[in-house]
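Q: I have a structure I would like to understand better, so I am pasting it below and will then ask my questions one at a time.
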Amino acid sequence: MQRQNTQAAGMPMMPQVPMVGNGVPYVVPIQPVFAPLPPDYRSLYKKLYGQGAFLVDNPVEASSPYDFSQPILKFGKLPIKQVLRDNESQQKDRKNLPRNQKSNEIQEKQTFQTPSSEKSTTERESRPFVPPNSQQMRRMLFIGNIPKELDDFWMDKILRLSGKLASWRRVADADNSMTSFGFAEFESNEQFSRALEALNDFVVPPLYEGGPSTRLSLITDVENEGLYREWQTSRYARNKQKEINILQQIRFNLERICQDIGNFDVRSRIERAARQAREKNEKLLQNVKTSEIPINAADLEGINPELLPVIEEEIRSFRDQSAMKKREKQRSKDEYASLYKEYTRKEQEKLRKQNDDLQNLLSKHRISRIPMSTVNAFLRAEDSIPESFSDEQAYYEEKRRKDQLEAEEYYARERRWMNREKARTAALEREAAREEEERVNNTSFGTYLSEKLASFDDDEEARVSRDEYFVDRAAWIRHRAVARAREEDADALDRKEEERELRTRGEGATVETENYVENGKLVTSEMPQHENGPFKIKIQTKKPAVPSERREFGLPERLLLEEEDEEPQGYSPNPQKPKPAMEENDAEKTKRLRSLIEKIPVEAESLWALPIDWSKVTEDLLKEEMQAFVTKKIIEYIGIQEDSLITFTIDHIRQHKGAEQLVSELDLALAEDAPEFVSKVYRYLHVLLILRSEA
C-alpha cells in the first residue's frame, strides 16, 4: 500500500515524492527527489530568524577592511557622537589636572560599564540573518509535511539520528507557531546523502488515537543530484556492506523513535522533561554574569555604530555557547558516574548470585572443603554445555573437551621435556668447555715452568732476589710445606687410581672389545708374535688361599686379530677349557680366545637366537661392565645420558629376557636404531661371558 504525500499548508505545489511499499527491505536504496526550491524561498528566511531579520543579497566582499572571523570583544553602550565630541575637551582639561586627580579619573574610566540589567533577547528575535554560502546550500534539505502538533524536539532528534546535523530551522508564522516545514543543514556531503537515503520513506506515526500517519516530504536543490550520485558511486559502491549496516542502524533507531512518538504517554513525558531542561538552560543563561571590557573613544574609531548591537549579540551568543559546553561536559561526567555505579552494582549482584549458587550446590551435594577452583571449573563445565543438547551430544562434547585437555597436557609435557633437554645439553657443553680450558691452562703452566727451570740461575736469583726462596726463606718453607702436603694427597689419589687400573686392566681392553662388538671384527695388535717363543713353567703345590673374585682381563683383547673371511663356526655357550700341564703363554691364550669370539654370529637373528648362560650373568658384571657400555651407546644414539633407558636395558638383562623383546620395547625411543643397539649390547654380553669363563 502506498501513501501519497500531503501538501503542506502555505507551500507552493511541488512534485510528489515516489513512494515505496512497506515490504521493500531497508537495504535497497530508494531514489530521492531532486527538485528546484520555490522561487520565493528567500522570503521564508525571515520567519526562521524573526521579524527583525534582514536579508542581505550581496555578501560581504573579500576586500572588506573588517574581519568578523576574529574573536570579538563586548563593547559598552556609549553615545558615540557625544564621546567623540567630549574626547578632545577631556584631553585638553587633563593637562591642567593634578596627578592624583588624573589617577582617579583613570580609575573611574576603567570602572565604566554598561548596565547589565538589560534583558537579553532570544536568538530568534535579535540574531540577524546570515545568508548561507554555496556549500551550505548544497548540504541543505527542505523538509515538509510535518505535523503541526509534533514538537520541534522530535524533529531535531529524528534529523540527528539520520546524520550529523549542523542546524535545523523550522519556520514559524506571524503568531510564532510552528509551521509544517523547515530547513535542515548537515555537516558533510556524506551525512547529507545518508540522511536523504534514510528519510526518503520515513512515516510519522499517528500522534493521537485514530489519527492519520504522515509521510515527510523531502525537497532539495537540483544541483545536489550530482552530490548524491557521487556518494553512491564512491562511498556506497566501494564500502557497500559498511553503508548497508549504517543505514540499517539508522532505520532501526528511527523505528524506536516512531514507537516513542506513537505512544502518547511516553511522548508527553519526554516532551515535558525536554521543556523543563530547556527552561532550566534559559534560566542559567540569564543568570550568567557577563564581564564587560571598558573602552574609550579611540577604540571605537573605524567601527560603524550600527554594528555595535550585532557585535554585542555575537559576544553574548559565544558566552552562552561556552556555558552550554561546560554544562554538557558536567552532564557527561554525571552520566559516566551513574553508569559506572550501575555497572559496579550489577557486578556485585552477579558475584553475590554466584556465591549463592555455590552455597546451594554445596548444601545439595553435601560437599565440604572443596577447593574453589574445582567448584568453579565444575560450574563452568555445566554452564558451557547448552541445555538443548541431547545426551549423546553432551557426551561427545565432554569427550572432545577431555581429548583437548589431554592434548594440551601432552604438549605441556613435551615442552617441559624440550626445555630440560636444552638445559642438559647446555650444561654438557659448558662442562666440555671448562675441561678444555683447564687442559689449556695446565699445558701453558707446564710450559712456563719448563722454560723457567731451564734458564734458572741460583747466583743471579740470589743477587736480584726476585724469587720467594731468596726474598723470605721462612715464608717459602711454610708455603712449601703446604704445597708438599697437597702434592702427597694428589699422589695418594693417583696411586689408588693406578691400582684400580692395574686390577681391571680394562681401559685398553674395553676399547678394543667395543670396536669388535660394533664392527664384528677383531682388532690387530701391534705386539709382535714369535712362532717359537719362550714359555714359562709354573709349579704350584697348593691352591691359593684367597681365590680372586673376578678375572683380570685385558691382555687377550689387546692381542685380538682381524676376523677371517670364512663363515664362523658354531658357538657353544660353555666351551670346554683345555687343561694343559703347563700354563699357556700369552700368544696361545690370545689365539684361543680369538677363535672363541669369532664364533659369535654377526647377523641379528642368529645373534638373538644364541643361548646365554644366565648363571654367569652376575650383578657385578651388570653394574661394572654392562652399565658403562650401555651408557656410552645411549649417548652415541640419542646425544644425552638418558638414565631411564639405561636402567630399563640393564633391568631387562637382569630379568633374563631375550633380545627380540628388548627391541620391541625400545622401538618407541630409538625407532630404526633399536635392532642395531640391541645387537651391540648382546654381542658385548657374549664377549664378557667368554672372558669370564676363561678367567
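The backbone N, Cα and C atoms fix where each Cβ goes, glycine too.
Features from Swiss-Prot:
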COILED    265-369  coiled coil
COMPBIAS  85-96  compositional bias 'Basic and acidic residues'
COMPBIAS  98-113  compositional bias 'Polar residues'
COMPBIAS  487-506  compositional bias 'Basic and acidic residues'
COMPBIAS  548-561  compositional bias 'Basic and acidic residues'
DOMAIN    139-221  domain 'RRM'
DOMAIN    605-695  domain 'PWI'
REGION    85-134  region 'Disordered'
REGION    487-509  region 'Disordered'
REGION    540-590  region 'Disordered'
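Would you situate these features in the structure and describe their surroundings?
A: The average pLDDT computed for the coiled coil (265-369) is 79.
Each residue of the compositional bias 'Basic and acidic residues' (487-506) gets a DSSP state, and the totals for helix, strand and coil are 19 helix, 0 strand, 1 coil.
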Q: Which residue counts does DSSP yield for the domain 'RRM' (139-221) in the helix, strand and coil classes, in that order?
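A: For the domain 'RRM' (139-221), the helix, strand and coil counts are 22 helix, 29 strand, 32 coil.
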